Structures are given as structure tokens and as C-alpha cells.
Amino acid sequence: MSSSLVKMAILFASLLIMFPRSNAQLSTTFYDYTCSNVSSVVRGVVERAAQNDVRIGAKLIRLHFHDCFVDGCDGSLLLDDADGIESEKSAGPNAGSVDGFEVVDEIKTALENVCPGVVSCADILAISSQILVSLAGGPTWQVQLGRRDSRTANQAGVIGALPNALETLEQITEKFNNVGLDSTDLVALSGAHTFGRARCAAFSHRLYNFNSSGNPDPNLDTTYLETLRQTCPQGGSNDNTLNNLDRSSPDDFDNDYFTNLQNKQGLLQTDQELFSTSGANTVGIVNRFADSQSDFFDSFAQSMINMGNIRPLTGNNGEIRLDCKRVN
């Protein structure tokens with residue numbers, strides 16, 4: 001590249017930083033002039049993290065999901081308690097359930113070293129989710145970028161916005177619809193449970209006294225039930241014991257999750273309801289994804305893009321945090 005073109009690129013990057021577009025939209029090329037190596041920097045950090053923690057992919061996707069469902073994809077979940085800020089991390093559905101914050105901090109530090117003040121924490125969640133899905137054998141997609149970070153959190157809004165493991169399919173669907181996502185998005189994004197773990201406390205109600213019936217969930221395979229009872233005995237003594245969300249290929253990103261649902265081997269109530277709720281439009285989608293991994297991969301990629309587009313802050317709104325845990 002000639003020196004004149006280099007100077008023009010530097011000038012353009014400076015203008016983008018000083019005068020962000022007030023009505024900017026997310027774009028796959030957002031950092032082309034301001035931080036062109038953003039993906040490679042993120043990849044370097046998450047590849048190292050994955051060598052030490054096989055669950056890191058599931059953890060960071062969960063952060064992205066839990067962030068986007070509460071006031072949009074704005075990095076608010078990453079904020080610690082501070083003056084005027086009650087962290088979303090300690091709200092019911094997040095407390096003891098979300099993890100991986102230290103890896104986000106490592107990514108942010110690495111990016112600040114090469115592109116100071118440019119890449120948002122909200123975008124870090126989106127980029128790292130895509131890379132980690134791909135590393136686990138899943139699909140890749142062009143990540144839309146240009147989100148900015150919030151200057152506040154909404155602890156009070158977490159419970160009403162986030163799905164939880166005890167809700168019905170109708171309740172979960174409503175929460176997805178509230179943020180502009182449909183049934184295909186619901187089933188596809190639930191497919192992220194093809195890797196990761198869940199604590200006994202999240203599903204033990206299915207094992208012994210489902211809906212106060214005195215019996216286990218009838219939509220739970222009996223052999224699988226006995227396996228889970230061995231890990232999660234009645235009485236809650238093992239509430240924090242982790243179990244594979246996908247019993248057949250727990251660390252691979254594939255479509256086995258949907259085959260498990262067909263065999264009544266979904267771990268969470270909200271997983272199994274996608275297939276076992278009579279007359280639900282999600283049943284056909286589960287069957288479709290079980291029959292075709294490529295169909296699932298294509299839909300998952302599009303649904304991740306859809307989720308990443310939930311009410312992002314762009315243009316002059318919000319800020320680019322220098323530390324993901326606190327506002328500037």
C-alpha cells in the first residue's frame with residue numbers, strides 16, 4: 001500500500017473514533033480501518049483459554065445470550081457493582097450461573113494493547129462466541145460489529161427478561177418474542193446446549209417430584225433418569241454437581257442435542273419441552289435439526305446474528321469501555 005493510502009486510512013480511522021455515526025448500523029467490516037486484526041487477537045486469547053477450560057465456549061456464549069436479553073447487546077452484564085450500578089451478575093438467573101469473565105478481561109487487555117479505545121466489550125462477546133463455536137466443530141458466520149457499551153446495568157430487569165429452567169415452553173417463547181426472536185431462533189439457540197454443563201439444582205425437580213406429582217417427569221427416559229438420580233440424589237446434597245447438557249458428545253458442537261430430545265434425553269425441562277410439548281411448532285424444528293446438522297448449523301448462525309442485533313448501542317450512544325468491569 002502506498003504511503004498516501006496509508007495516511008488516508010489512518011485519517012479515516014481517526015474520524016471514525018472522533019465522530020461516530022449517530023445512526024450507525026452493525027457491520028461485518030466495522031473495524032476494518034480501526035482494528036483490522038481484531039478477530040485474530042480474540043482468537044489467540046480464546047484458543048489458549050480453551051486449552052485450559054473445555055467449557056469456555058459454552059460460558060462465553062452464555063454471557064452473550066444473558067447480556068443481549070437484558071436491554072440489548074450492550075455489555076451491561078460485565079459490569080461489577082459500583083456507585084450507581086447494581087451488577088446484573090448477582091441477579092437470580094445469573095448468580096452462580098454465568099462465568100468466563102476473566103477471559104473477557106484477557107481479551108480486552110490484548111485488544112487495548114493493539115487498538116486502544118476501539119473495540120467494545122459487547123463486540124468481544126459476539127466475536128468470541130463465534131470463534132469458540134467454530135473451534136468446537138460448529139458453524140462459522142460473519143459477525144456483525146459496531147456495538148458500544150452501556151454506562152449502566154439493569155439488575156432488576158434480569159429475572160423478567162431471561163428464561164429459566166423451570167418455565168414452560170409458552171413462557172420461554174414469550175421471552176424470545178419480546179426481543180424479536182421467533183420459534184426457529186428459540187430452537188436453534190437452545191442447540192447451544194450441545195456443549196456445556198448444568199448443575200443438579202437446574203433439573204433435579206424433574207427426577208423425583210415433578211410439578212408436585214410425586215413422580216418424575218414423564219418426558220424423561222427412564223434409563224437416563226436413573227443415571228441422573230445417581231449423580232443428583234434426592235435432598236439437594238449435590239445441587240452444585242455439574243452434568244453434561246449433551247450426554248452423547250458433551251464437548252462437541254453438533255446436532256446430537258436434538259437427537260437426545262427425540263429420545264427423551266434432554267437434561268433441562270426447557271430443553272425437553274421443545275420436543276415433548278404436544279402441538280408445539282418447535283417439534284418440527286427439532287426434527288428438522290436432528291435430521292440435518294447442516295440445517296441446524298445454518299439456522300444457528302443466523303439466529304446468533306439475530307440475537308446479536310437485539311437493541312445494540314451504536315453511534316454516539318454508550319461508550320467504548322477501557323475495562324469491561326467498569327464504566328470509563
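From the backbone N, Cα and C atoms, a Cβ is placed for every residue, glycine too.
Unlike curated records, TrEMBL annotations are generated automatically.
Among the features that TrEMBL reports, disulfide bond is placed at Cys35-Cys115 (among others). If you take the C-beta of Cys35 (disulfide bond) and look for same-chain residues 6 or more apart in sequence within under 8 angstroms, you find Leu111, Val114, Cys115, Val118, Val119.
Positions annotated as site 'Transition state stabilizer' by TrEMBL: Arg62.
Positions annotated as Ca(2+) 1 binding site by TrEMBL: Asp67, Val70, Gly72, Asp74, Ser76, Glu88. With a cut-off of 8 Å between CB atoms and residues at least 6 apart in sequence, the same chain places Asp67, Val70, Glu88, Asp149, Ser150, Thr152, Ala153, Asn154 near Ser76 (Ca(2+) 1 binding site), listed in sequence order.
Residues annotated as disulfide bond in TrEMBL: Cys68-Cys73 (among others). Annotation for Cys68 (disulfide bond): spatial neighbours Val179, Met307, Gly308, Ile310, criterion Cβ-Cβ under 8 Å with sequence separation of six or more.
According to TrEMBL, the feature disulfide bond maps to Cys121-Cys324 (among others). Within 10 Å of the C-beta atom of Cys324 (disulfide bond) sit 22 other C-beta atoms, taking all shown protein chains into account.
For His193 (heme b binding site), the same-chain residues that are 6 or more apart in sequence and have a Cβ closer than 8 Å to its Cβ are Leu245, Asp246, Tyr257, Leu267, Leu268, Asp271. Under the heading heme b binding site, TrEMBL lists His193.
There are 23 other CB atoms within 10 A of the CB of Cys232 (disulfide bond), with all protein chains counted. Residues annotated as disulfide bond in TrEMBL: Cys200-Cys232 (among others).
A Cβ within 8 Å of the Cβ centre of Asp67, Val70, Gly72, Asp74, Ser76, Glu88, the residues given for Ca(2+) 1, is found for these other residues of the same chain: His66, Cys68, Phe69, Asp71, Cys73, Gly75, Leu77, Ser150, Ala153, Asn154. The local packing around Cys200 (disulfide bond), expressed as other Cβ atoms within 10 Å of its Cβ over all shown chains, amounts to 19. Separation of the C-alpha atoms of Cys73 (disulfide bond) and Cys121 (disulfide bond): 10 Å, rounded to the nearest whole number. With a cut-off of 8 Å between CB atoms and residues at least 6 apart in sequence, the same chain places Ile310, Arg311, Pro312, Leu313 near Gly72 (Ca(2+) 1 binding site), listed in sequence order. Comparing the recorded positions Val70, Cys73, Cys115, Cys121 on other C-beta atoms within 10 angstroms of each C-beta gives the minimum for Cys115. Sequence-distant neighbours of Asp74 (Ca(2+) 1 binding site) (same chain, 6+ apart, CB under 8 A from its CB) are Asp67, Ala122, Arg147, Arg148, Asp149, Ser150, Arg311, Pro312, Leu313, Gly318.
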